[in-house]
Amino acid sequence: MTVKIYGSGGSGTVALPSSKSFTQRYILGSVFLNKSVTLNYVTITGDDSIALDIAQRAGANITMNDSSIKIRTSFTCPSDIYVGESATSYRIALGLLGSAGCITHVKGDPDLAKRPMDPLVKALEANDVHLKLNEDGFYDVDGSESKKRYIEVDGVSSQFVSSMIFYYARKGGGEFLVKNMRSPGYVYITKRVLYDLGYFVNIEKTITINPSGVWKTAIDVEPDYSSLAFFLVLGLLSENVDVRFNIKRMSRIQPDSVLLDMFKDNIAIDRDTLRVLPGIRDRITVDADHNPDLCPPISVIGIFSEHGVEIDNYARLKTKESNRYEGIIDMASRFGAIVEDNGKDLFIKRGDLKDPGTLSYTDHRMIMSAAVAAAASGFEVEIENETKVSKSFPGFFKELSKFANVSESN
């Protein structure tokens with residue numbers, strides 16, 4: 001489906017989705033570790049639906065009521081699972097399946113099969129988990145001979161490290177060495193989830209996992225900072241909108257909470273309400289190694305700012321849901337921005353603003369970024385593939401309609 005966006009204006013409080021980084025970990029951890037829980041304040045994103053399907057195939061009884069998910073576990077190894085396009089569910093499930101001794105066939109979306117897996121495969125195989133690449137490009141798992149050894153894990157993706165933390169938790173505890181750990185903030189999300197599920201995780205160069213014996217049976221899932229970024233950017237760029245957020249349940253564990261530091265001069269906090277104040281006075285810098293999900297929305301600032309945006313270590317963006325490096329360059333150029341590339345970092349600043357016409361991306365974060373840029377530009381812009389935002393933010397366009405003219409395009 002295609003939506004048409006024209007201009008910005010309006011005020012309101014953005015209803016943010018729950019953090020799928022937390023939700024997927026809670027769902028998968030609950031069923032594989034046999035910890036029955038109730039998750040509150042949950043928005044069912046596309047990725048969450050994938051994790052729930054895996055949980056049900058592994059014997060969980062799932063009851064959903066409004067914004068709560070009740071998970072009652074009775075673990076059994078699934079004969080097959082479907083991971084869709086969710087890298088988090090795929091990678092974490094692979095570790096848990098191997099640790100649990102399962103023999104499981106894995107299917108998923110072809111685009112996910114293209115993403116890197118070698119460091120995780122090597123770590124699991126070092127523990128005698130047998131992995132075989134199937135005809136769909138996914139790894140089938142045979143954990144019937146899996147062991148608990150002290151191994152080394154390449155932390156080029158935090159999901160590889162998180163998968164192995166879950167692996168050792170399922171084994172009753174253990175430790176392993178990590179080298180080259182990037183995006184450590186997401187590993188701390190895993191630490192928090194496992195603490196709530198009854199495990200102590202100590203994160204140093206060597207990561208140690210031990211059971212605590214006590215876990216929470218009811219857990220409140222916090223809203224998502226990476227989703228907040230899109231409306232924060234719109235509020236920064238447009239004086240015609242008054243954007244607010246309710247931050248009552250938001251901690252600083254999520255790595256994308258760095259937004260509160262990056263834009264501290266543009267944020268007013270009154271009790272549980274965060275209000276965005278417009279205006280960009282300096283160059284904005286974001287590191288793709290640490291905050292890859294912030295790069296698409298932050299890049300929109302560069303389109304309209306004379307100070308510009310710097311995206312460091314952009315190579316990380318080439319292996320996300322799409323090649324976001326190419327997507328960001330395309331989007332910025334279509335709006336007339338000046339884009340410079342030094343081979344490692346990307347620089348975007350305002351040029352002669354122009355009408356981009358129709359923008360078409362398949363990556364959920366690129367679609368939402370393009371929509372925000374369209375609203376800030378004042379042009380009438382068509383955005384294709386709007387349904388794909390359900391992967392992380394099902395209500396995005398409904399929320400955007402509080403601050404921009406949004407309509408279905410014929």
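Quick reminder: no glycine exception, Cβ is built from N, Cα and C everywhere.
Around the Cβ of Q159 (phosphoenolpyruvate binding site), the same chain contributes A87, T88, R91, I92, L120, Y186, each under 8 angstroms and 6 or more positions distant in sequence. Residues or ranges marked as 3-phosphoshikimate binding site in Swiss-Prot: K20, S21, R25, S157, S158, Q159, S183, D293, K320.
Taken from Swiss-Prot, the feature phosphoenolpyruvate binding site applies to K20, R115, Q159, R324, R365, K391, supported by sequence analysis. DSSP classifies Q159 (phosphoenolpyruvate binding site) as helix under the three-state reduction.
Cβ contacts within 10 Å of D293 (active site, proton acceptor), excluding its own Cβ and spanning all protein chains shown: 25. Annotation source Swiss-Prot lists active site, proton acceptor at D293, citing sequence analysis.
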Handout entry: Local backbone state of S183 (3-phosphoshikimate binding site), from DSSP in three classes
Key = coil
Practice task
Do me a favour and check the Cα-Cα span between R25 (3-phosphoshikimate binding site) and R115 (phosphoenolpyruvate binding site); whole Å is fine.
Solution key: 20
Problem - Candidates K20, S158, S183, D293, K320 (recorded positions) with Cα within 10 Å of K391 (phosphoenolpyruvate binding site) - result: K20
Exercise for the section: Please report the DSSP secondary structure of R324 (phosphoenolpyruvate binding site), reduced to three states. Expected result: helix
Handout entry: Cα proximity to S183 (3-phosphoshikimate binding site), best match among recorded positions R115, D293, R324, R365
Key = D293
Practice task
Quick one: among the binding-site residues R25, K320, R365, which has the most Cβ atoms sitting within 10 Å of its own Cβ?
Solution key: R365
Practice task
Compare the C-alpha of R115 (phosphoenolpyruvate binding site) with the C-alpha of each of the binding-site residues K20, S158, K320, and give the closest one.
Solution key: K320
